[in-house]
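The structure appears below as structure tokens.
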Amino acid sequence: MRLILLGAPGAGKGTQAEYLSKRFSIPHISTGDILRENVKNETELGKKAKEYMDKGLLVPDEIVIEIVKDRLSKEDCKNGFLLDGFPRTIAQAEALDKVLEELGQKIDKVLNIEVPDEKILERMSGRRICKNCGASFHVIYRPPQKEGVCDVCGGELYQREDDKEETVKKRLEVYHAQTQPLIDYYKAKGLLVVAYGQEEIADTTKEVLKALGIE
């Protein structure tokens, strides 16, 4: 099975990607991870990418695509893979089609995990992290026994910048603007399937399997 996984930040994409990777014995390929790996291992592509990253610039498509191509040509991708974080644009999607054609492969399905924005906002802006031990809490779903204090070590709980309401709203706006054309692109190709994210992880997994036609 060759899958592309779409989903807004906070939609629970990472958890489902891990599950699907284990269930189907296919590698979970996160573009962020393979980019960092190439930089760390000082590969030719990694060195090129690092020049941009060091300047705080986005790594150009042609480098990202080469890195993805290199990863997809590895032995463990022969029977399938799960792509997460790529493609992000129509240009990248078209480039991916070409890469797969060269490798004699094609995408089976594009899975979009949909969660209403207000639900994501509640999930993310309610998160609190312990400054001392890193334990995670949630003001609604997993509140600490004493407000602002970690149950584990008694450390102070704080809200990460990334989880502040305004930041989350901005990230969601950017995500929708960027991803909608991609959703339309794969819908037109008849590859798009949708799973509706639920409160419980296990219920989302059921939705995901149903969307993929696996009960």
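The backbone N, Cα and C atoms fix where each Cβ goes, and this holds for glycine too.
Taking all protein chains in view, 19 other C-beta atoms sit within 10 angstroms of the C-beta of Arg127 (ATP binding site). Residues annotated as ATP binding site in Swiss-Prot, with sequence analysis given as evidence: Gly10, Ala11, Gly12, Lys13, Gly14, Thr15, Arg127, Ser136, Phe137, Gln198.
The AMP binding site feature in Swiss-Prot is assigned to Thr31, Arg36, Leu57, Leu58, Val59, Gly85, Phe86, Pro87, Arg88, Gln92, Arg160, Arg171; the stated evidence is sequence analysis. Packing around Phe86 (AMP binding site) is summarised by its Cβ count: 23 other Cβ atoms lie within 10 angstroms of its Cβ, all protein chains included.
Cβ neighbour count for Cys153 (Zn(2+) binding site): 12 (other Cβ atoms within 10 Å of its Cβ, all protein chains included). Per Swiss-Prot, the feature Zn(2+) binding site maps to Cys130, Cys133, Cys150, Cys153; the stated evidence is sequence analysis.
Mapped onto DSSP classes, the region 'NMP' (30-59) shows 21 helix, 1 strand, 8 coil. The region 'NMP' annotation in Swiss-Prot covers 30-59, and the record cites sequence analysis as its basis.
Confidence for the region 'LID' (126-163), expressed as mean pLDDT, is 95. As annotated by Swiss-Prot, region 'LID' applies to 126-163, with the evidence given as sequence analysis.
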Quiz item: Across the record's ATP-binding residues Gly10, Ala11, Gly12, Lys13, Gly14, Thr15, Arg127, Ser136, Phe137, Gln198, the largest CA-CA distance in angstrom?
Solution: 20
Quiz item: Rounded to a whole number, how many Å is the Cα of Gly10 (ATP binding site) away from the Cα of Arg88 (AMP binding site)?
Solution: 17
Self-check item: Neighbouring C-beta atoms (10 Å sphere around the C-beta of Arg160 (AMP binding site))
Solution: 11
Quiz item: So, in DSSP terms, is Gly14 (ATP binding site) helix, strand, or coil?
Solution: helix
Quiz prompt | Rounded inter-Cα distance in Å - Leu57 (AMP binding site), Cys150 (Zn(2+) binding site) | solution = 37
Quiz item: According to DSSP, which kind of secondary structure is Cys153 (Zn(2+) binding site) found in, if we only use helix, strand and coil?
Solution: coil
